[in-house]
Amino acid sequence: MHVPDGFINAPVSLAAGAVAATAVAVSLRGARRELDERTAPLAGLVAAFVFAVQMLNFPVAAGTSGHLLGGALAAILVGPYTGVLCISVVLLMQGVLFADGGLTALGVNVCDMAVVTTVVAYALFRLLATVLPRRRSSVTAAAFVAALVSVPAAAGAFTLLYALGGTTDVPIGKVFTAMVGVHVLIGLGEAAITALTVGAVVAVRPDLVYGARGLAKPLELRRADGTVIEPVISPVAPRPVRRLALVGLLAALALAGFVSYYASTSPDGLEKVAHDKGIDSKAEEHAAKDSPLADYQVKDVGDARISGGLAGVIGVGATLAVGTGVFLTVRRRRSRAAAAPAGSEAV
Amino acid sequence: MGAGHAHKLYRHARSPVHALPPHCKIAAVFCFVLVVVATPREALWAFGLYALLLAVVTAAARVPAAFLLRRLLIEVPFVAFAVLLPFVAQGERVTVWGLSLSESGLWGAWNILAKGTLGVAASVLLASTTELRALLLGLQRLRMPPLLVQIASFMIRYGDVVTDEMRRMRIARESRGFTARGVRHWKVLATSAGALFIRSYERGERVHLAMVSRGYTGTMPVIDEVTATRAQWTYAAALPLAALAVCLTGWMLT
C-alpha cells in the first residue's frame, strides 16, 4: 500500500505531512514515557525487527505469498507510541533509501500505515483486553481482532485521503469497495500471523509484551507453614466507571450500527410536518450536504440500510473521539491548574 | 562480518554530486519531487524536460543508466494499478484499438506513471550518491528531531544484524527438513517471528547497557559537523529551480 508520488495531489500531501509530523511529535513524547532513555536503542531495534519481519514471506497457496505489515504487531508488543515511531521510521527509510513510496507521499503513507493501523489496533486491543477474562488466550484473541480490523481501517483512511485529493476520478464508492474488500482478505492473514506471533512471545517472555502487562499475577508471599502474608499495598480495585463506559460504548455502537439497519427511512416527525405544511420551502440546504456522511448515509454505498448503519458507526466513533479529546484536554488543564500552586510553593 | 559499512544502494564514486553536503541534496530532491507533483498533467513536454534534468544529474553523478533503470523496477506494482485505471474510471469514453477506455482514466494513469517514475528516479539518485551515515546527518541538519534520527540510525545499523539472525533461523528450519507450503505452516513461521522479536529486544537492552556503561546520556555526540557554503547551496538548488521554471511555464501554457 506504499503510495507513490503523484497519486494524491500536492496540497493534500502537504496537509497529510503536517498531520503525520504532529503524530510523530506526540509519539516521540509518549515513547519517552514508555521507554525513558532506552528509547533510541530499543525503538531502533524494534524498527529493524519490523523491517526484517516484512521480508518474511508467508505462503498463502501454491505460488503466492504475502507478508506482514506489522502495525498491529508493533503496537501490541512495544506500545502504541513506540509502535507509531517504529513504523514511521521504517516508512521513512523505505522512502529515502529504497524509493518504496514517494517522498511527497511520505505524509500520506505515515498517516494511513503508521498512525491509523497502530492507533486502531491498540485501541481495539485495549478495549478487548478489558472485556475478556485475564488469560493468555484472550491476549491472542484480542491481537487477532485488533490486527484484523486495523488493515481495512488503514484502507479506509487511504480512501478518505483519496476522496480529498485523489488525482484520478474513479468513483469513491468503487475505490472504497475495492480497497476495503482486498484489505479484509489481507487483514485475515495479518490477523492470523499477528496472533500467532504474539502468542509465541507471550508463551516465552510475557513481560516483554506491552499489551499483556496486566497479565502477571502479583507476587504471593508465604510463610514456612504455608500461610499467605497479606500484601501491605493492596492493588488498586478496578474502577466501575470503566465498565460502565464500556457498556455504554457497546450499546451506542450496537444501536448505531445494527438497530438503524431496521430503522424507518421515512422522514422524522418535524421533517414530515414541515414538508406537508410547506414551511420548508424556504429552508436552505445544510452547508455540509455534500459531505460524505450527509443525511446519515455513506456516499456511494449502495444498500441504504448498510449505508445508514455504517454512517451510524462512523458517527459514534467520531463523536467519541472528539468527546474524549475535549475531556482529556479539560482534565489536563485542570490538573495543571491544580499542580501550579503546589509547584510554586516548592520553588 | 563486512556488513553495515555501506548499503548496497550506495555507489561509490568521485563526482560533484557525491561531494555536495547531504542536507543540500535531500532538500533539493524533496523540492524537485514537490514541483513535479504540482505540475499540471496536460503539460506532456514538462515531464520530458524533468526526465532530461534527471538525466543530466545522473551523468554528473557518474551513475550508470542501467543501474538507475534496474532500480526503477520497484514501482512495478503501481504500474499494474495504473494500467487498470482507464478501464474503471468514469467520464467520456474513447476507443483505442477496439477497447473502450475512459479519457480521464487515461490521464490519471499517465499522471501516476510519469510523476511516480520521476519521484522514484530522484530518490534512487539520492540514495546512490549519498552514504547512509551522511544521509542521517543530513536529516538531522534539516531539523529532524535528534531522537528520530537516532532511532533511524539504530534501525539501519542493526537492520543487517537482525536480518542475518532471521536468515540463520531459516537455515536452521530448512536443515531440519521444513519447507513452508501453505497456511498450515504459518504457526512455525510466526513462532520464528516471535523468537526474532525476543532476540531483537534483548539485543536492544544489551546495546543500551553497553552504551550507558560508556557514558551515554540520551543523545549522541555529533563529531563531524557538516556545513554547506553558499556556493554548494546554489549548486544544489539548480535542479529544483530549473524544475520550478518548467512547472511555471507549464501552468501558464495550459
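Note that Cβ sites are derived from N, Cα and C of the backbone, with glycine treated the same way.
For reference, TrEMBL has these:
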DOMAIN    A:242-332  domain 'PDGLE'
TRANSMEM  A:7-28  transmembrane segment
TRANSMEM  A:40-60  transmembrane segment
TRANSMEM  A:72-93  transmembrane segment
TRANSMEM  A:105-129  transmembrane segment
TRANSMEM  A:141-164  transmembrane segment
TRANSMEM  A:176-204  transmembrane segment
TRANSMEM  A:244-263  transmembrane segment
TRANSMEM  A:306-328  transmembrane segment
Long-range neighbours of the transmembrane segment (A:7-28), counting only residues six or more past its ends (CB under 8 A): 80-82, 84-85, 88, 102, 104-108, 110-111, 114-115, 161-162, 164-167
Recorded stretch that, among A:72-93, A:141-164, A:176-204, has the most CB pairs under 8 Å to the transmembrane segment (A:40-60): A:72-93
Contact between the transmembrane segment (A:176-204) and the transmembrane segment (A:105-129) (at least 3 Cβ pairs under 8 Å, separation 6+): no
Beyond the flanks of the transmembrane segment (A:141-164) by at least 6 residues, Cβ under 8 Å: 1, 3, 8, 12, 16, 69, 71-73, 75-76, 108, 111-113, 116-118, 120-122, 124-125, 128-129, 132, 172, 175-176, 179-180, 182-184, 186-188, 190-195, 198-199, 211, 292
